[in-house]
Amino acid sequence: MSELTVVKFGGSLTENPQAQNKFLEELTLISKRQNIILVHGGGPEINALLEKFAITSRFVNGLRFTDADTLGVVELALSGKVNRVLTTGLIKNGANAVGISGKDGKSVICRQVEYLGFVGEPVKVNRKLIDILIKSRFLPVIASIAADVEGNIMNVNADTLAASIAVAFKAQKLIFLTDVAGVFDKNNNIIKEIKIKEINSLIEDKTITGGMIPKIKGCAESVKKGLKEVWIAEGISGIQKIKGTVIKK
């Protein structure tokens, strides 16, 4: 199996057991005929644990500041809960899933975004560990935690991590599964395909707004770096016959 797809499972989908179970069933089936790398975040679980431990988040320009206490909760939520749930679900469905994070085997090296605390931006993907897993017919399930060159643990945006891994492995496809069905035009219809040259004008005329802007820009960067297609799709609709918006060159 030479074809590789990287799938990013949106944290919000973990709140929908039906969608999550359907996704895990389908991903198991797909993993029988092609290589899969699954990357995940876990915003809702992080928020729930922060509330449980009475840790108040502060935000810088709309982004969560990750102090030492918050980082411990982030790692507990992502590696200790979400990763375990997804890995166990895949195994129950028959997949050879292995749960890791970006820090394991120094798989993802990042640099600190200092104004956000213990938050990292991926700068290098070391393929060795993930390659071993894939070649041994395992399905890596990767939590969005990484480390800098000195081994300091960092919270990493899961979208960015998935894109970095997809580019490093020259994946045929990168799929962002979210709680929205894709990118919509001003008539509320899904835009089926966006060329990267069209993105700036879609942002300028406010077709693409809010949190979709950084996601689309990240998709465009991935395509510029060699990916053939990047999808933004609704997780609840499944991935066997994926429907959503595809970004191409």
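Here, residue 1 is simply the first one shown, and the rest follow in order.
The backbone N, Cα and C atoms fix where each Cβ goes, and this holds for glycine too.
Under the heading site 'Transition state stabilizer', Swiss-Prot lists Lys8, Lys215. Residues or ranges marked as substrate binding site by Swiss-Prot: Gly42, Gly43, Arg64, Asn155.
Shown on the structure are the features that Swiss-Prot records.
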| residue | record | DSSP (3 states) |
| --- | --- | --- |
| Lys8 | site 'Transition state stabilizer' | strand |
| Gly42 | substrate binding site | coil |
| Arg64 | substrate binding site | strand |
| Asn155 | substrate binding site | strand |
| Lys215 | site 'Transition state stabilizer' | helix |
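Burial estimate for the binding-site residues (Gly42, Gly43): highest at Gly42, by number of other CB atoms within 10 Å. Other Cβ atoms within 10 Å of the Cβ of Arg64 (substrate binding site) number 19 in total over all chains. Lys8 (site 'Transition state stabilizer'): 29 other CB atoms within 10 A of its CB, across all protein chains. Comparing Cβ neighbour counts within 10 Å across the recorded positions Asn155, Lys215, the minimum falls on Lys215. Largest CA to CA distance in the substrate binding set (Gly42, Gly43, Arg64, Asn155): 13 Å, whole number. A gap of 16 Å separates the Cα atoms of Gly42 (substrate binding site) and Lys215 (site 'Transition state stabilizer'). For the pair Arg64 (substrate binding site) and Lys215 (site 'Transition state stabilizer'), the Cα-Cα distance reads 17 Å.
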